[in-house]
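Quick one: structure below, then a few questions.
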Amino acid sequence: MSMQGSRWIDPAPLEVERPRLPWWTLLPRWAQVVALPFVLMWLVVWLLVQVGRLLWRYPLTLVAAVLVGWVQLATGWWGLAFTLLAVVVVLGVWWRVHLGSFTRSVVVQVRTERRRFGVYACQWRAVMRLSGLVKAHRAKEYRPALGLVRSHGWRDRVRVRMVKGQSPQDWELRADNLAHAFHARSCRVRVRKPGRLELDFLHRDPLTHPVPVPALAESDDGVDLRKITVGRTETGKPWRIRLLGRHLLGVGVTGAGKGSLLWALVWALAPLIRTGRVRLVGIDPKGGMELGQAPEVFRRVVFDNGPDAVALLEEIAATVKERATRYRGAVRSWSAATGDPFIVLVVDELADVLAYQPDKQLRERANRAMQTITSQGRAPGVAVVGFVQDPRKEVVSFRHLFPTRVAMRLDEKAQVDMVLGDGAREQGAAAHEISEHTPGVAWTKDEGQREPLRARAFHITDTDLDTLASFAAGRLVRRAQVLPFPDQSMPWTERDAA
Ligand SMILES: Nc1ncnc2c1ncn2[C@@H]1O[C@H](COP(=O)(O)OP(=O)(O)OP(=O)(O)O)[C@@H](O)[C@H]1O
């Protein structure tokens with residue numbers, strides 16, 4: 001029969017979803033009865049775990065809520081009002097007397113619980129879905145798990161368990177999306193361990209303002225070569241550098257603030273330099289632009305990369321060998337008891353000495369001597385503090401011999417791992433993102449240190465350098481002079497004469 005002209009239309013297939021019964025309802029009755037106690041036990045354990053997790057995440061809120069309820073039941077509303085008043089008074093006294101511990105114990109905890117609930121827990125699911133960090137498999141959604149949160153005001157540190165099949169790069173690619181979603185200025189991604197990340201949501205940079213240098217220590221009693229304070233870390237702690245048994249390599253583009261790190265080190269060492277327990281020698285291939293600002297602190301300083309600089313390096317290499325021979329069998333490594341001064345060799349632009357020297361023979365001699373000093377100098381009490389703008393292997397082929405590395409502002413992402421070692425960028429060290437408006441800010445990693453830390457070196461002004469030079473020389477040194485602005489009405493010839 002022809003269908004033409006027919007008004008018959010096939011009915012749509014009936015798409016009624018069949019009700020799906022849970023699998024256990026299909027078990028025989030006796031099996032359900034046997035499984036019941038186990039299921040109940042599992043439920044109790046699950047409940048306990050959930051309560052434990054809540055207590056772990058919101059301890060202050062939960063304990064306060066329980067105590068408020070208990071006091072109200074025990075003493076009524078008036079009792080509760082008096083108790084709350086007493087608590088407020090105690091907190092006020094604590095705040096007045098010891099602000100530091102009050103902030104650590106109360107303020108940070110309250111802020112953490114508030115932000116965990118109000119910002120992260122409430123929006124986690126939506127943000128994960130919208131930024132494409134959830135995965136679907138067989139109609140099931142797999143979502144990254146939100147872990148511990150710690151809020152310090154300037155930064156929220158959020159732990160995350162990734163979904164299987166994700167990589168840290170997936171999160172790095174979405175760092176901006178996450179920052180905007182959670183109203184942060186930026187987001188740093190760091191790998192904690194396989195499958196676990198730590199996200200730092202930054203609300204402001206605590207290192208925006210220069211860190212003033214503390215007063216010069218008059219006596220060398222408190223100066224410890226194992227922890228020399230050269231600035232402040234972003235968490236507000238002192239930035240300490242170890243020189244004993246270490247060499248330091250500082251890398252940064254021009255204007256990154258390498259000079260401030262160098263002078264902050266010398267500033268801290270000044271009392272030991274004055275008493276002769278530390279001997280500072282320097283090479284500044286840029287004609288003394290940097291080290292020439294306070295040459296008084298150096299026992300010897302060379303202002304080029306020519307034969308004098310190479311001779312100085314060879315002299316130090318010979319000292320290293322001589323000390324090693326003398327200490328052999330007597331002491332394991334340098335200490336003040338050996339009677340020898342601790343030698344600190346500062347090289348302001350390593351590349352000029354080791355790579356850019358046009359005379360091949362001089363270049364090879366410099367490399368040989370530097371290799372001897374860096375590879376053998378740690379035990380005999382010789383430390384190298386070297387700075388360079390370009391961290392590539394061709395420039396400093398033995399950068400691995402510097403256990404302490406400092407990455408100041410860098411040009412490229414790839415340079416971060418070159419300076420701080422493989423995996424440093426995965427751990428959040430974004431030295432290529434340091435602003436040019438914050439010279440002196442750096443990411444640093446020391447041998448044996450698990451994570452790189454971000455810090456800012458003290459700001460050493462020209463006046464500070466004069467103070468330093470005067471302190472070392474034992475007489476007044478004034479190099480930074482502010483000249484009066486010339487009188488514009490005067491003719492040129494008279495102005496020059498004035
Ligand atoms: N820690 C700091 N805090 C504040 N300002 C700083 C700090 N360090 C350096 N600066 C300022 O930044 C500018 C550049 O610093 P500096 O000369 O030390 O850089 P650099 O890395 O040594 O550059 P170059 O390689 O060209 O010598 C200077 O004007 C200095 O005053």
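Placed from the backbone N, Cα and C atoms, the Cβ positions cover glycine too.
Keep in mind that TrEMBL annotations are predicted by a computer and have not been checked by a curator.
Relevant sequence annotations retrieved from TrEMBL are reproduced here:
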- 30-49: transmembrane segment (TRANSMEM)
- 54-71: transmembrane segment (TRANSMEM)
- 77-95: transmembrane segment (TRANSMEM)
- 236-417: domain 'FtsK' (DOMAIN)
- 248-270: transmembrane segment (TRANSMEM)
- GLY252, VAL253, THR254, GLY255, ALA256, GLY257, LYS258, GLY259: ATP binding site (BINDING)
List, in sequence order, the residues of the same chain other than GLY252, VAL253, THR254, GLY255, ALA256, GLY257, LYS258, GLY259 whose Cβ lies within 8 Å of the centroid of the Cβ atoms of the recorded ATP site.
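Residues close to the ATP site, other than GLY252, VAL253, THR254, GLY255, ALA256, GLY257, LYS258, GLY259: GLN389, MET408, ARG409, PRO439.
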Are there any residues at least 6 positions away along the chain from LYS258 (ATP binding site) with a Cβ closer than 8 Å to its Cβ? List them or say none.
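Set apart from LYS258 (ATP binding site) by at least 6 residues yet with Cβ under 8 Å, we have GLY250, GLY252, ASP348, PHE387, MET408.
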Counting every protein chain present, what is the number of Cβ atoms, excluding its own, within 10 Å of the Cβ of THR254 (ATP binding site)?
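So the Cβ neighbour count for THR254 (ATP binding site) comes to 7.
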If you count other Cβ atoms within 10 Å of each one's Cβ, which of the binding-site residues GLY252, GLY255, GLY257, GLY259 has the most?
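Comparing the binding-site residues GLY252, GLY255, GLY257, GLY259, the most crowded Cβ belongs to GLY252.
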Going by DSSP, is GLY252 (ATP binding site) sitting in a helix, a strand, or coil?
coil
